[in-house]
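Listed features, source TrEMBL:
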- 704-737: region 'Disordered' (REGION)
- 32-55: transmembrane segment (TRANSMEM)
- 233-254: transmembrane segment (TRANSMEM)
- 260-278: transmembrane segment (TRANSMEM)
- 316-337: transmembrane segment (TRANSMEM)
- 357-386: transmembrane segment (TRANSMEM)
- 451-479: transmembrane segment (TRANSMEM)
- 499-523: transmembrane segment (TRANSMEM)
- 601-622: transmembrane segment (TRANSMEM)
- 638-658: transmembrane segment (TRANSMEM)
Amino acid sequence: MPREEPPYYGKNGEPRKYDPSFKGPIYNRGCTDIICCILFIICILGYVAVGILAWSQGDPRKVIYPTDSRGQFCGQTGTPLETKPLLFYFNIMKCASPMVLLEFQCPTTQICVEKCPDKFMTLLKAHTNKEDFKYYKNFCKDGLNDQMSAPDILMSRLCPAMLIPSKPFTRRCFPALGLKGGKITVGNESTFNDGQGNIRNAEDLVAGVKNATVVIEARQVAMKIFEDYTHSWYWILLGLVIALLISLLFIVLLRYLAGIMVWVMIVMVILVIGYGIFHCSMEYVSLKSEPGSNVTLKDLGFQTDFTVYLHIRQTWLAFIIILSIVELIIILLLIFLRNRLLVAIALIKEASRAIGYVMSALFYPLFTFALLAMVIAYWAVTAVFLSTSNQPIYKVFNETACEYSRNTCAPANYSTSIMKSQCPDSQCLFAFYGGETAYHKYLIGLQFYNVFLFFWCANFVTALGQMTLAGAFASYYWAFVKPGDMPAFPIFASLGRSLRYHTGSLAFGSLILSIVQIIRVLLEYIDHKLQGTQNKITKFLLCCLKCCFWCVEKFIKFLNRNAYIMVAIYGKNFCTSARDAFFLLMRNMIRVAVLDKVTDFLLFLGKLLIVGIVGIFAFFFFSGKVKAFENTAPTLNYYWVPILTVMVCSYLIAHGFFSVYAMCVDTLFLCFCEDLERNDGSAARPYYMSASLHDVLFENKAVGETESNKSLQHQPEDQEIQMKRQQFPRQEKDEDV
């Protein structure tokens, strides 16, 4: 007898069947993806171990304070150098050596001083005057006494041969170079005595200063940005509080005035971007008569003072073009999607109704923010300690030929070493931070592990929020009588289920996403390293790989999001849930493309509006454009630093709150698709969807629509609940038969 073939439901899987026992999120469930859960816990314990190791070996003072030739920190609190915050070079001209750019250290003695020298002076001249020598000793090493002769002092390298008027720059003393009569000067003089009887031109100092500044140029920008943060952090926090309040206000208004608020968001986004175009145009016109404003960005090149770019007309022209393109794209999308906007607005209204039953969902993003802040803080602190956990390396520096030049040395016993005896004029000076131990050899691996676990933990926190919200909103949808059939605390019940049963599934989904993200980071790193190459094939392949993995990341985020919804409802493992969600969406592809994505676009406009409002206020405050804020705003090196910080963080805050609506829409949409497959709207198998959602998503103009469907679409909410109460006993009787 031939075996009966199972029915074929197509390539998108078998539709859901009617199940009278299904009442929404299943409570009787078991743990899923246990192996991945165990792996995640082990990796977290390893992450804690890496943090402890980094904290025991690292020293953040290496980033904050300059270091003298003995590896001591200038200006460190609680040390003898606390009152000496500046670094002084004995002979800045030796910084002109090309080795400076390789070893990041000038081959001259460096000491910590209280202030930089402010006048010309040589050791030979100062030694003959008691008051001058007293001043000169402020720039000498310990061990100097008044009985020593000037030649002995120079031979012992206790003092510099000369002092040059200098100014502090990034906690270092650099010659006070100027321009007078077309000639470079130092201390208003075009020449100086080098302390060895030679008259030198001030131009000889330029090369040394240039190399020294190249070494610290990146640190200079970083320190200025850090300084701006220290001066404006409380105003930045105030801006973020305002962004949080505006986001919360928008969400609450969406709950009660969804239709009006969506149209308000659309109009205000267009107006805000339009104002940006107007402001940039005014700046562009105002610079027309300014000298030097017509310089091109290409000719200007890279400048560490980014405010220079705001005095160039081409910068504002670029802003005008970018904002105009964004404005045009938004207007065209609104025109092409005009027939679907009303449907998407109705879907947002239904999401508002669901949030009305689960009001605690509005505040859940605060919990997610707190967890993400902990993850980011742990990663940042660990990264700083890892990057500063190297040991001080000392090398031999000399003025004459020496076979031990640039060899490592030990400063404690260098004076009695063979290297010193064979190279009498050599010195053992601090060079940089490094190390040759096993810990230092694998330091790059620990940094990689820190980055990877950061991605994994951050994605896990985000996934936990998505599954928690999905479980709460699914409880709303599958409640036959709302809110009577819903849990007392939907958010807490869903959070408990997610952590108790599905930590492994959350870890599995976030692990896959983290692997893709770390690959993208590696591709960016490789691309950065190969920027100097001219191999067009390599550049093309890297560009293709980056584009492909960007698409892969977006697809995995989409799949994970819907998989978490299915896990929250059915309690199955991650792979099964991802497959079921994918097939369910494929069976409803038209609805996905038409409705779900249009809703995402409207919510994205809401995020842009909040960022635009907060960004405009931040710009006028920090830039000092408004006279009312001139005395209140802090004095900054780069006023764009707090502005960009406020705008980026405002987007993240708005995204956190609007993600509640986005998750609600996605959950209701999947539940609706399942409801259509499980039920047919008859008295025995009534729909769980509300009448308004039925009107939004159901094809009510299809041929052959039953009378029961029509009556359900037009029933008021109270009559709908009464009808369901009457149908439910009838359904139980049918099941008993």
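Backbone N, Cα and C atoms are what each Cβ position is placed from, and that goes for glycine too.
Values in this document were obtained by computation on a predicted structure and should not be read as measured data.
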Is the transmembrane segment (357-386) in contact with the transmembrane segment (316-337), using at least 3 Cβ pairs under 8 Å (sequence separation of 6 or more) as the test?
no
Is the transmembrane segment (260-278) packed against any residues at least 6 beyond its ends, judged by a Cβ distance under 8 Å, and which are they?
250, 253-254, 319-320, 323-324, 326-327, 330-331, 334, 341, 345, 348, 602, 605-606, 608-609, 612-613, 616
Who are the long-range neighbours of the transmembrane segment (357-386) in its own chain, taking Cβ under 8 Å and residues 6 or more past its ends?
50-51, 54-55, 57-60, 63, 248, 251-252, 443, 446-447, 450-451, 453-454, 457-458, 461-462, 464-465, 468-469, 472-473, 475-476, 482-483, 486, 489-492, 653, 656-657, 659-660, 664
For the transmembrane segment (233-254), name the stretch out of 32-55, 499-523, 638-658 with the most CB-CB pairs under 8 Å.
638-658
